[in-house]
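Asks: Dumping what TrEMBL says about this protein:
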{"type": "REGION", "residues": "D:1-28", "note": "region 'Disordered'"}
{"type": "COMPBIAS", "residues": "D:1-11", "note": "compositional bias 'Polar residues'"}
{"type": "DOMAIN", "residues": "D:153-272", "note": "domain 'Aminotransferase class V'"}
{"type": "MOD_RES", "residues": "D:Lys265", "note": "N6-(pyridoxal phosphate)lysine"}
{"type": "DOMAIN", "residues": "D:349-450", "note": "domain 'Glycine dehydrogenase C-terminal'"}
Amino acid sequence: MPFIPHTEADVKAMLETVGVDTIEALFDEIPAELRSDGLNELSAGLNEMEIGRLMQERAAEDGLPACFIGAGAYDHHVPAAVWEIVTRGEFYSAYTPYQAEASQGTLQLVYEYQTMIASLNGLDVSNASLYDGASALAEAVLMAVRANRKDKSRRILIPATVHPAYRQTVHTLVRNQGIELVEVPYEPESGITAVESLEPLLEEGMAAVVIPQPNFFGRLEEVDALTDWAHAHGALAIAVVNPVALALLKPPGEWGAKGADIACGEGQPLGAPLASGGPYFGFMACKQAYVRQMPGRVVGKTLDSEGRPGFTLTLQAREQHIRRSKATSNICTNQGLLAAAATIHMALLGPRGLERVAGACHANTGALVERLTRVEGVQRVFEGPVFHETVLRLPVPVDTVIRALGAQDVLAGYPLAEDYPELENCILVCATEKHGEADIEEYGRHLERILDRNRGPACTKLRPPEGTI
Amino acid sequence: MPFIPHTEADVKAMLETVGVDTIEALFDEIPAELRSDGLNELSAGLNEMEIGRLMQERAAEDGLPACFIGAGAYDHHVPAAVWEIVTRGEFYSAYTPYQAEASQGTLQLVYEYQTMIASLNGLDVSNASLYDGASALAEAVLMAVRANRKDKSRRILIPATVHPAYRQTVHTLVRNQGIELVEVPYEPESGITAVESLEPLLEEGMAAVVIPQPNFFGRLEEVDALTDWAHAHGALAIAVVNPVALALLKPPGEWGAKGADIACGEGQPLGAPLASGGPYFGFMACKQAYVRQMPGRVVGKTLDSEGRPGFTLTLQAREQHIRRSKATSNICTNQGLLAAAATIHMALLGPRGLERVAGACHANTGALVERLTRVEGVQRVFEGPVFHETVLRLPVPVDTVIRALGAQDVLAGYPLAEDYPELENCILVCATEKHGEADIEEYGRHLERILDRNRGPACTKLRPPEGTI
Amino acid sequence: MLIFEQSQSGRFNGAQAPAEAPSADDIPAHLRRKGRPTLPEVSELQAVRHYTRLSQKNFSIDTQFYPLGSCTMKYNPRGANAQAMLPGFLGRHPHAPASSHGQGVMACLFELQEMLKQVTGMAACSLTPMAGAQGEFAGVAMIRAWHDARGDETRSEILVPDAAHGTNPATAVMCGYKVREIPTDPSGDVDVEALREVVGPQTAGIMLTNPSTLGVFDRRILEIAKIVHEAGGLLYYDGANLNAILGKVKPGDMGFDVVHLNVHKTFSTPHGGGGPGAGPVVVSERLEPFLPVPMVDHDGREYRWVTESERPQSIGRLSAFMGNIGVLLRAYVYARMLGREGMERVAGFATLNANYLMARLQAEGFEMPFPDRRATHEFVLTLKHEAKTYGVSAMDFAKRLLDYGQHAPTAYFPLLVPECFLIEPTETESRETLDAFVAAMAAIRNEARDNPEIVTSAPHTLPVKRLDDVKAARELNLTWKPEPVA
Amino acid sequence: MLIFEQSQSGRFNGAQAPAEAPSADDIPAHLRRKGRPTLPEVSELQAVRHYTRLSQKNFSIDTQFYPLGSCTMKYNPRGANAQAMLPGFLGRHPHAPASSHGQGVMACLFELQEMLKQVTGMAACSLTPMAGAQGEFAGVAMIRAWHDARGDETRSEILVPDAAHGTNPATAVMCGYKVREIPTDPSGDVDVEALREVVGPQTAGIMLTNPSTLGVFDRRILEIAKIVHEAGGLLYYDGANLNAILGKVKPGDMGFDVVHLNVHKTFSTPHGGGGPGAGPVVVSERLEPFLPVPMVDHDGREYRWVTESERPQSIGRLSAFMGNIGVLLRAYVYARMLGREGMERVAGFATLNANYLMARLQAEGFEMPFPDRRATHEFVLTLKHEAKTYGVSAMDFAKRLLDYGQHAPTAYFPLLVPECFLIEPTETESRETLDAFVAAMAAIRNEARDNPEIVTSAPHTLPVKRLDDVKAARELNLTWKPEPVA
């Protein structure tokens, strides 16, 4: 039997010990009318060879295209050592380290993770990870409402330049607790959030201001000014950051005069494969003052009975299994394996390696934008510095281009019009350290060809882009 | 620096400790005229990301065709657990277990391997593995010459039905020691070795007779008669067997009245991927009486100073590092990782699982032969029972068929004419448990189409097969 | 030794870094980082050796028996891991076009949705919640959305049995509800009379696990469902214990309106030191419009994503993409490998193992709080007698078990039972392993009698001795800091 | 506990077995197996748990410093493993057509051949030998084939220095030669005068390692080459110590005619508990016709196999297919990752580490048999003083080092030096690791002085205490047998 070790003799002897005749008899407390007649709609089991073949065929269907999509998930190189170690049974098949003495591997690793994340963000402390970047932002919002002792308001200012799916997720997760999310518009020329656009939203007080860096358009926000403005008005500053970008960009803890109070973001760029969107992990760091308001698992260093250092879960009094309805969150799972991967990933890259990765992403994105804007009719939409991503306006509908490039195994980018109707025909493109000159040139050439074809007289349905025909 | 941990400060301090100024100075005993001016022809280093991309492209070039070739390497399912465990650093990056106390993992595993291999072969003992099946046969031949106390001849009878590459390898490895390999022809109708064809070769005595089961044509030899004949004439019987087939076939230790004396073969079917031909491993088992003539590493059970059981390399007095020019072989490497894979593979399958694998191979081969011989002009060449493989005669040159099927990502089989000129237009086809009905039908349909096309009037160079046109 | 203590400034792992890029001087100085972060500077070998050795300090399913009650620590098939890590799956961007670069993974997800509906007896499924607790959230949020959609805004309470997982009340609060606890009757079932007294027009719903965390199947579940439904509330099923009834009873048949599943429990995806999990939700027809997005649908021609635009009543999105797909793929592989017969066997053998273990421990003289009940896939044992007689607590037993090479069961939960263990052996453990656990428990009780110090000071054979949790919480040390340079 | 002791008749791992096949009754009964073999009947979890736990009982590079002299235990890059295990490589049948299904792997092999020629300064390469010892065999067999081809059948002797690896004389015998040993001079180099005396028309060649196993570079190598060549013999280079000179000196420039490489040493492929390795051979032009087949060639259009049909003078085939290609792919990836600069750095840092370690141990008062010589990538240390004074042997030191978490160096080899360690730290170890080794050695010497019993009875912290090798050899127990049923 797959995964069940019992022999017939075992079953017989065990039933005897229990004092029943059949396994079915063990279910005799279940009302008879409830007993199901089995799972008849399911198909028969496959052995590992059979399911392996099916899965190989399906994985092959999804292909291995050249990926120029970012939009919150980034195609980075992950050292082979990372997942070879992470999938070791001792990490892979262990549970939450409730028995600290038998879990020093996981616990020390999380302590190292917390150190790396806190330092990367320029903040004091970090938790052991959350589900993903979007839900981490929701937890940060809830945390800010709990933590802000100056302003008891439940209003949160959240710029439109924050990842749209993050805003939707935050909405889902906090709406039932009477928290109001106030969207801050962006400057149409620069694609960033001006301090001036915050002023009119001030009226009723606010618990926190969310500040993305880079923002969803890849643009760099004026984080110092935004942070100082938040603090000046009694709000906490919540940073939403890309951890690879932090190798180049000022860490949240140094934003403005006092630094952001809470930082969170998507950890995927640190060693998690794209994997259709998950599992990833959310990270969260904050100032020491707010540590007891932080959700999620936290590992602390302590001593054993002989005075040797060791590690254990701590601050459990915040958590649901102790505090139940008064917990800081209902979270009990973190993304342990992903945090482990990130820790090993960062250890393998080190500060200089991560800096080079960020530098290469930046340079390649520059080269990509330069190449694509050489194609007739393709324009940059926002002026100003970027990291990783840039918004381009195409002379034809984006979907046509995405489909045509997809057929060439090039993923062109993320179409913006659904989330930002004002950005019709706009696409968000991204390059990482994996996308060198040759890939970029291939994208450029395909784009040229596709636009030429779509400009042709046969495509009468398309609006002719300005300056052509 | 890739894989070198030294900082500049380390280098400086270390050179100071040594008392030299530069690393170059450490090479000052090397005559100046010998110093190379560097490895200028080599290209610059690639990082893991870059080489990863190159290798992915190259692996993709080789594709993942449906494989109906056997001929000594078999496309079996390998449970995922096997290589996930084998590539754990503690197995992967350990060396030969010279320090037994620090190598109980490898040593116990090899002891378990030896038990499994000995039992599979129905013999008393096994070594820790050899390089591959072909070189294992060469070692078995040398061992038989050392071990045979009745007949001091250096003649070995080796049937033409033994894998041609094995015979070539044996020739390479034993020729310089004055050993004579006498080829035994096979019966043209049955494709097996008749006892009658051995008789004329008897004249000058012989050290051993090699007996393959199944033989290279997939045919089952009359192993009892051959073994008894060898023993009756003072020769040892060396079995060359397929370990998966042994789940169904009589083990060498039970052949004839006294059993084969030495068994060897290719271990690849027990958990090693095809991998273009290696690394595989050779296995060898023998009767207790010959254990001290066996080449290669051997692990024995013993006790520690407190009386607890443990494992250690033993019989090292046979080996080159002790015995130098008087060693049983120059071998010092075994195929440790592959033997580990085989052990875990056999533990996961168990006796019943292995039996089912062998049964499925047998059934699928039967179905394959049945399907292909339904194609007009395709015929079975040898009558009689087979395992795994069968020789078919095609109505057109084999190379044409192999090329045309290859273009459809079907590997048709192994062409026999180069090794056996009398088997013109013959191909050795194979099915394992991985090749089900649908694959077989696909092969059959492609073959029909290809033969139809090649029978057409355009292919004038082809001899028309009997009964067509 | 921490990885940071092996770091040396200037050490650089050349194989893992891209070539130096041109300086990013188009980024204004005031937006740039000045100092480098405290990441370790170690060689690849140092990192590999460090984390390989760290891993060896863990207990895990792959190395030890791990009977952690309510966590279903069963074998995580290596085949599921291997298949989920195929390059085509790992390399797929979440926004890769579904038509050209997504049909493979979406086929798996769609079929998983169907299978989960079938095993729970529900009408519709969303796989997107990223963990059990998020599945709970989605479930209660849907209950709320349903009441809201009917304009029924008086409902302010969620009922939760006192034996429930802590996530249940915490979730209810996250959804804006007040929590009201329902007591347990002496037999371990929900106190139905007490329930009757508290339901009313303020009742939004009830969150139930059945079998409960007391390791018993609530025999009056149909009555409970009727009471809550008649009061206008809905029933939420916490799927943490689904392993106990897979193929035997369907939550849908018990009257539940929404169920979350923990695939890292029932469907054997890796526990991973605490995650990632995945917490799909399945619902009855009336809750279908409220399911969280995205989901996978098949339009007869191809698989496609269902998003908020066509589900305007959806509670919305729970993550930036579509949840933990890599985890769901592992669950899919596992479910397909089990198939119909395999899935029906799960509950049977999990229950056999639990009842056998309970019977043997009972025969050894250990006390069960509900001795007349069948164990389900798990059971509760109380060490209050041992605590009183020998001064040896459940915690001490737990720590001493580690020395016997066995992970401890869940201790001190459920909160109702003093000095308790919640023991869940799972169906993938052999009888020999269960016997070894009984032997260890018996041996520890003998030690408690003859030499309690060895138990109360355990563990003795692990990398550290017993750790000081109080110090950890009082003198918070959550990150390493470099020694100040003298 | 052995896996067999966990077996139970009738236990069956359903996920790994194909469906039952129709009985193979076309196979005659007298050719069929009757009883089942003694393979264990365990569940997948039991097997995974057993072998995972077994692995933890090993020392390895990934977990410990492993300064095993002459074995070059350096970091085995995980990236090389991952790339070699790509499905396209793993799934390729050795007889898959080269044109349609082999150009990827053959490109790697061809480029590896070229790189090995370049680093050794030789003219041609065959990758096919499956291990160092098979490379040695191929080398000497080529020397023999060369003499034979010239009709020179008087040459019956191979010269081997007394410090050589045991494989050298064993190989010479396998090739039908008699072995004559050459002594070492007091400085550690080959005794050239003694060599001069024994060369002659009977000399087929000499097998040399340079640097030698004494950890020194033989300074008179050009003179040696001249003497042997003038006598009509050829020079064989044992590549075991190539790590010491990579990028610094090429064996071709020293006058060698044939070189074997151990890719599991110099090119960092896994040691794997003793294999698999690969032992490519590279040769000067005159030996090229004799190289073992197959090799990879490029005909301007595509890669193709070179076989015996176009190399009639080849010594022939050494394996059923083309050797350990999976190992060679790992070596290829490693070589490409190092590249020119990386490869040139190997010898420098390996030598720096060895000299540093030697200097520090010398400063601690340990004795070096060749104190005036530079260390190469390794060096010899003798504990004869410690043995005499404290009664603590090199073996005892070795076993005690294990308690300090360090694998022992090679002990009692080379045979010339009493109570010796041959210590090779490799370039991938950090200075801190070397310092820890020095500290352990010094601590053990103190123990030997103060409390020798703790050293002579070591190890104390491993899964077993010191094992009885004599009993193992005397009471041979090589396979498990079931307990007889009473």
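Glycine is no exception: its Cβ is also placed from the backbone N, Cα and C atoms.
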Asks: In terms of Cβ proximity under 8 Å, which residues at least six beyond the ends of the compositional bias 'Polar residues' (D:1-11) contact it?
Replies: 38, 40-43, 46-47, 50, 480, 482
Asks: When you measure from the Cβ of the residue listed as 'N6-(pyridoxal phosphate)lysine', which residues in the chain that are at least 6 apart have a Cβ under 8 Å away?
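Replies: Those within reach of the residue listed as 'N6-(pyridoxal phosphate)lysine', by Cβ under 8 Å and sequence separation of 6 or more, are D:Cys71, D:Thr72, D:Gly132, D:Gly239, D:Ala240, D:Leu242, D:Asn243.
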Asks: Go ahead and report the DSSP secondary structure tallies for the domain 'Aminotransferase class V' (D:153-272): helix first, then strand, then coil.
Replies: 32 helix, 29 strand, 59 coil
Asks: By DSSP assignment, list the helix, strand and coil residue numbers for the compositional bias 'Polar residues' (D:1-11), in that order.
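Replies: Summed by class, the stretch gives 4 helix, 0 strand, 7 coil.
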Asks: Between 0 and 100, where does the mean pLDDT of the domain 'Aminotransferase class V' (D:153-272) sit?
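Replies: Reported value for the domain 'Aminotransferase class V' (D:153-272) is a mean pLDDT of 95.
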Asks: Can you count helix, strand and coil residues in the domain 'Glycine dehydrogenase C-terminal' (D:349-450) using DSSP?
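Replies: Looking at the domain 'Glycine dehydrogenase C-terminal' (D:349-450) with DSSP, the answer is 52 helix, 12 strand, 38 coil.
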